[in-house]
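Report on the following structure.
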Amino acid sequence: MLRDVLGKTFRLVGYTIQYGCIAHCAFEYVGGVVMCSGPSMEPTIQNSDIVFAENLSRHFYGIQRGDIVIAKSPSDPKSNICKRVIGLEGDKILTTSPSNFFKSHSYVPMGHVWLEGDNLQNSTDSRYYGPIPYGLIRGRIFFKVPFSA
């Protein structure tokens, strides 16, 4: 009887580890569901909107200007940001300060992207922390749930 209980326990642990690995690989390399928070992407994405992000584009350098991406925050690595890709490596970007009085040009170095929120008056983005390394991009948003709160 003890042998049966141990056998079933080890099988359950084995299946749990297998399915956990499959789920981890699916969320890390294929994509998943993300809840965007904050006003920086309004009106395109509202606070607490639910979106689907795919992670394959980032592995194949398939990110293009205009894409909305999920990235690790350069100022807080524990949090993610949701921003639009404005410039790719080698691009010259016209940047403005929040007051719109001062304009300057910035260049996006190799291996980096320039991200900005759609709500420029209420967005902490590349205008604040500069271009971000391509490796911080976690995925590209491809679908927004239409009925999210």
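Keep in mind that glycine also has a Cβ here, set from the backbone N, Cα and C atoms.
Copied from TrEMBL, the annotated features are:
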- Ser40: active site (ACT_SITE)
- Lys83: active site (ACT_SITE)
- 17-93: domain 'Peptidase S26' (DOMAIN)
- 102-144: domain 'Peptidase S26' (DOMAIN)
Number of helical, extended and coil residues in the domain 'Peptidase S26' (17-93), per DSSP: 18 helix, 27 strand, 32 coil
Nonlocal neighbours by CB distance (under 8 Å) for Ser40 (active site), same chain, sequence gap 6 or more: Ile81, Cys82, Lys83, Gly117, Asp118, Asn119, Asn122, Ser123, Thr124, Asp125
Segment confidence, the domain 'Peptidase S26' (17-93), expressed as mean pLDDT: 87
Lys83 (active site) CB neighbourhood, other CB atoms within 10 A: 26
Within the domain 'Peptidase S26' (102-144), residues counted as helix, strand or coil by DSSP: 10 helix, 20 strand, 13 coil
